[in-house]
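> Take this structure first; my questions come after.
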């Protein structure tokens, strides 16, 4: 067994970062600690964002140039030399006042799309207004404007065609100043969705609002159509302004576990054949026969070339998926998807992929592709597939080991770039690697040794052909953004080092972060602790478990954060710990699939066991142990408190699930199967919070929910409240009027964290 790594964030400054091997953390003696007159990180600091972490959000526009917004000017940078020029003046944005929310440059750099009047809908979806700016004429285009309340808009990958969705129908502009061509006419609110996702596809499958995909040179536009006829509606009141005499009612087609699901169709239209005099009929591509035997999902779309596309389909029981590779026949003008180009992915122990099957990355000639799948030991690794599937053909794994590839970032003719957690055998780390395609033993970590104390958790943004890349070091030290050249990995320049924040934090007593593991049943389970300043292992501290614990989640990592836990540790001297038990991700399917078909069991037990293990470390006050979580974390919090373990004094559940039959079909059935007697109904019924109501008499409980939560409906907390009242349990509750799942409006955000802080102060007798 190798020595565990324990990561500390001293004062959070670059020079103060320390990586150690043994507990305790670096300590000051009692006199030095008492003499530390610096202020702490307060609740007001968190709520007002007093200390701002800077990032560097660039947008690549070629293999050697990127755009960056600075002082409201859009600057064009040369990656190699760092020189810049003004691409778009701030005066252009000033025309719209403060209403500009985003911009998008056409691939040929002739036009800029300006977004304003942004109105949020669900997690990813929104409506907005758009104007097109002509860069050659340096003026806005006033002809044939895009309608207000557009739901989605996107440039083609070459040139400057535009596709957009308005009132659930798709339109295409061949030229920005010319009239739009209407592609569909079947769109209907809450019923037929063309080119955009319905609620459940947006939230659980694509993680986006768009269901449009341009081909590489912009000839073809692919799109999905979702039909929610028959999908039951969730409805809730929206109270709005107090002058509204009757509340509004919001309706959303929302399939719950076992309910009628949306159906999906897939089409491709040739935009080069669009004209004002003839009608172009989109061509439909049907799902493979092996998934159309029952309910199924479209779960991935990827263009391979101008006349080849790959589609991934998934059965409703999400342990079987098929990738179909389809080719365009220029003679018959149809799309063919031969069974010899179908690739099947299955899971015998759980579900396909982490949340869905991973996307493929095709070689430039389209003859093969690389994809992250589980190897024979259950670890997610990169495998190479040939386009044409032969009987009994097995893909070739190019990575292997008891660690996981997180994502494929780029594929060139010579190398594949990916992020993994291999380094130091630390699941909560992230580093960038490249591997040679012709020699898989030629693998190199591009980030591991750059700044190993400050940087153990990286993200990357590569240029169009991966000639340059931006590394984003996100922890454990202050975030650092640098630009590199791929040929020799040379660092060309520092883009942002957060030195100003580093200087400010030198005057604040900041907590430290410890990342370590415990061994249970011969398996490593990782945890993190946010420890108070001047932590003294001979003292007893209150402990708050910060839990999520959903399938494929990870809370123990090497990332840097300034959040509520920073305040609790710095000012209130509370240890805030998170533990990744069974069901968590990035450590192999054995751990992740352990909770398959039994949510609310092992992941709940593991949080209780983690608290017991922390108590054994000697510095936790056994009479002051609490737990809190949001969403799935709220469910686990409630199940833990309702277990009657005697370990926890109090807890906070925000927007919790309470019964899995109340949650959406795609997420719930992925892990639980169907709520039918033939499948898994018994466990659906045995995993409710309400069934544990009697045990809440032993704990202090704060239940919180937003009344306009479109995701985890207020119904979930309402049923917990009803069960607790029926059981005669005294508890606290807080609702937030018209707030959704994030409870993120300015006033509600401040109120909820103030309220939760007061609850913990009372529970831990801190005031």
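Heads up, the Cβ atoms here are built off N, Cα and C, so glycines get one too.
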> Can you say which of 7-28, 29-50 is given as transmembrane segment in Swiss-Prot?
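That would be 7-28, per the transmembrane segment entry in Swiss-Prot.
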> Hey, how far is residue 395 (disulfide bond) from residue 445 (disulfide bond), Cα to Cα, in Å?
24
> Tell me, by DSSP, whether residue 383 (disulfide bond) is helix, strand or coil?
strand
> May I ask for the distance between residue 83 (N-linked glycosylation site) and residue 319 (N-linked glycosylation site), taken between their Cα atoms and rounded to an integer number of Å?
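Just about 51 Å between their Cα atoms.
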> According to DSSP, folded down to helix, strand and coil, what is residue 521 (N-linked glycosylation site)?
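Note: residue 521 (N-linked glycosylation site) is coil by DSSP, not helix or strand.
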> Taking each of 90, 148, 227, 741 in turn, which of these recorded positions have a Cα lying within 10 angstroms of the Cα of residue 709 (active site, charge relay system)?
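The recorded positions passing the 10 Å Cα test are 741.
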> Where does residue 650 (disulfide bond) sit in DSSP terms: helix, strand, or coil?
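In the DSSP reduction, residue 650 (disulfide bond) maps to strand.
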> Show which residues of the chain containing residue 148 (N-linked glycosylation site), separated from it by at least 6 in sequence, have their CB under 8 Å from its CB.
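Residue 148 (N-linked glycosylation site) has long-range Cβ partners 117, 129.
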> Relative to the Cβ of residue 90 (N-linked glycosylation site), which residues of the same chain, six or more apart in sequence, are found under 8 Å away?
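Listed in sequence order: 71, 72, 73.
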> Determine, to the nearest whole angstrom, how far the Cα atom of residue 686 (N-linked glycosylation site) is from the Cα atom of residue 741 (active site, charge relay system).
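Counting only the Cα atoms, the answer is 25 Å.
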